[in-house]
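As given in TrEMBL:
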| type | residues | note |
| --- | --- | --- |
| DNA_BIND | 86-129 | DNA-binding region |
| DOMAIN | 84-128 | domain 'Homeobox' |
| DOMAIN | 131-332 | domain 'TLC' |
| TRANSMEM | 39-56 | transmembrane segment |
| TRANSMEM | 140-160 | transmembrane segment |
| TRANSMEM | 180-198 | transmembrane segment |
| TRANSMEM | 260-284 | transmembrane segment |
| TRANSMEM | 304-324 | transmembrane segment |
Amino acid sequence: MLSRLWELIWADWIWFPEGHGWADFTDHDGKVYPKPKDLWATIPIALAFLVIRQIFERKVAIPLAYLLGVKEELRVFASPNPILESYFCRRSKHPTQIVMETLSKQTGRSVRQVQRWFRRRRNQDRPSKVKKFREASWRFTFYLFAFFAGLAVLIDKPWFYEMKMMWEGFPKMSLLPSQYWYYMMELGFYVSLLFSVASDIKRKDFKEQIVHHVATITLIGFSWLVNYIRAGTLIMLVHDASDYLMESAKMFNYAGWKRTCNCIFTIFAAVFIITRLVILPFWIVHTTWVYPLTVYRPFFGFYFFNGLLFVLILLHMFWAALILRMVVKFLPGNILSFFFCRFVGETWFLKCCILPNYDILKMS
């Protein structure tokens, strides 16, 4: 029963165009093809990333933080109180006014004192600026390295310039050593982010980040299994192109270098929109969604792969809205303010862009 179900799930007609299948990935004549067992290598790579990260943060990130002037905020700790601590840990960190009054009677404190206690207790759990800087510097280092590694892998490939060539010879496209290591490095890193999710800083877009990580891991893993590797390398490069700019902007924000942060963040916003809302959907996804239909009949694997890409695009649209709201705050001369008020409408602009207090760089 289980063996039949397994065979049905991985049937050739589900994942490949007509006339092709898993047998096409048999190594021959010195040509190597991707195998499902290759993905197991990402587990030790992810564990290695976790170890390297700890060493990097202690030996590089912390000294760099103090060198750039990252300062810890002085915090007033909440006084020990078993009743309030129990409610804080088990019930809610933000009690209602009625609950405040009840806790006030139970503890013999005024309502204002109870409110102050909860405010101080919440501040105790906030991650320090040094911790935020450590995490941002680690991600900056990886994304910067991954971006230039991706460029090195793709710069001499014809499908980097003519994207339709990513389908030439599909699925019988042999695997290059550079593609193997690029894939294992990227997939291992995102797996390591899932391993460390419990200890990493939980930001306001935590749920969206988890969805993004899961979709990215699934997309990279699936593209490896069915040999969409040419498309996969292009997609990974597009994502890495802006991520290191975002993390560097965070680093300077934590260090208090506001002008430098604003400048880098503005560049990041431009690169993010160009790569993820222009190049990705109108060039890469067009080549994975529209062009294949002129060559092959549609199959389930085709829809599954592009469905994951559309999930990423929706997340990018969500983040782009937040990013633009941030850029509006510090562009000189209120250039974007004038644009939105002139062409979109002042009422809508004030309601959607000015009033909400979004701060991407301080998400925690």
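Backbone N, Cα and C define each Cβ position, glycine as well.
Contact between the transmembrane segment (260-284) and the transmembrane segment (304-324) is supported by 3 or more Cβ pairs under 8 Å, counting only residues 6 or more apart in sequence. With helix defined as DSSP H, G or I and strand as E or B, the domain 'Homeobox' (84-128) counts 33 helix, 0 strand, 12 coil.
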